[in-house]
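Structure first, commentary second.
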Amino acid sequence: MAGAASGRMGGMLVGSGHGRGRKNRHGGMDDLEVEERRASKLIMPETEDAAARQMFDEMMLQEQDICMKGVQHLRISTDGEKGTRTKTRRRWQTSDTVDLHTLLLHCAQAVATDDRRNAHELLRQIKQHATPSDNGVQRLAYCFAEGLEARLAGTGSQLYQSLMVRRTSVVDFLKAYKLFMAACCCKKVAFVFSNKTIYDAMVGKSRLHIVDYGLNYGFQWPGLLRGLAAREGGPPEVRIPGIDLPQPGFRPAYQIEETGRRLSNCAREFGVPFRFHGIAAKRETVHPEDLNIDPDEVLVVSSLCHFRLVSDESVIPGQLSPRDQVLNNIRKLQPDVFIHGVMNGAYGSTYFPTRFRELLFFYSAQFDLLDATVPRDSEDRVLLERDIFGTAALNVIACEGLDRVERPETYKQWQARNNRAGLRQLPLKPDVVKVVLDKVKDHYHKDFIVDEDQRWLLHRWKGRVLYALSTWVSAD
């Protein structure tokens, strides 16, 4: 990558520079440092212990087996617990008991208008009935009350940053991630949709180049490598540039390097010729000339729910937003297919009461689906709700400006944004949709529904659209 320091690790080339080696035109290095603090939440210790290595190996090589059926044995609950849940649902429908949703909305309005006396009183009432260990509504209220309290005290950004630099055990994070994979179909649907789309694009082709905007731990790719290894005629050559934010410290590309090493090991195990190129940079600073595009390769661009973390135009009014910059760069790449997955949230608004209400609606579904699929005394569920859902909610509730990094948009907003950037949406392929539908029907809770709208594949929980997937090419 031009302008970036790099070093070879077997079949990998890891770049630790910032895009093309330039400072951010829109805010110096301060903007990057805010995002780096977010990335450091999942920072990995320099030396993985045996338990972490074993979990990574399991999740890399057995990802296809992580599904709802893997946690069904945990759903066995006593008659007493079932009775308690029935009564709890009935209580929310009565008018003479506490309605935590309404209290939360009233409290958010009081915080927005700086009605501190009323806000403190409403918080007191909420905290009397909220708990991190009971039903989904009470757990959500506990989580949101912490965010409101931090916003009211003016300590939201400091609290969020302290959570970002706190080292979460890799094993604990992987346990929570694995539980979410098993209980919620969203990631499984995204992986199946993406991998089937790529597999079909490779028919009769021998070289594949995947630009991954949001590498994280790379759990998406072992399933694809396994499928390509088994195809008739043998596997193609696969090249993956994995893009993710640099981490603070002396080794900004450490996590990317480790992910590349694990993916290289998987490819070797499956017998797939593989090269990995790690890029530690902000997504909008990675340009087509940094990616060594080869016209003889099938070029796939992938982003599964990562662009919600890229700044929008509200951060720096009057300038092309980083979100539009990255879409323009994708158009210039002229990919054979751009696979775009989005978290369907309307809580990117700058107006706090609207943002809070939309966040409440979105996370009500997330906490409810966990209540329907995972026992309340699950330690992994507590970790998932506290360190993943809770931290993201805190950022939306208690942070503003550059400190607010969670900025999702609805799939219809992304559709308009992609069209403006010169991208053309492709129709959904019936065979791809069928594979996804069969996976959800066979392995997940009956209240997960997958359907289509405006060429997007939607996944819903009890009617609410949580995530959406689509495919695109350059319009020109």
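Every residue, even glycine, has its Cβ placed from backbone N, Cα and C.
TrEMBL has this to say about the protein:
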type: REGION; residues: 1-28; note: region 'Disordered'
type: COMPBIAS; residues: 8-18; note: compositional bias 'Gly residues'
type: REGION; residues: 98-158; note: region 'Leucine repeat I (LRI)'
type: REGION; residues: 177-242; note: region 'VHIID'
type: MOTIF; residues: 208-212; note: motif 'VHIID'
type: REGION; residues: 258-290; note: region 'Leucine repeat II (LRII)'
type: REGION; residues: 398-473; note: region 'SAW'
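Looking at 177-242, 258-290, 398-473, the range that has the most CB pairs within less than 8 A of the region 'Leucine repeat I (LRI)' (98-158) turns out to be 398-473. In the predicted model, the region 'SAW' (398-473) has a mean pLDDT of 96. For the motif 'VHIID' (208-212), residue counts in helix, strand and coil come to 0 helix, 5 strand, 0 coil, using DSSP. Note: the region 'Leucine repeat II (LRII)' (258-290) comprises 19 helix, 7 strand, 7 coil (DSSP; helix = H, G, I, strand = E, B). Helix, strand and coil counts from DSSP across the region 'Leucine repeat I (LRI)' (98-158) read 48 helix, 0 strand, 13 coil.
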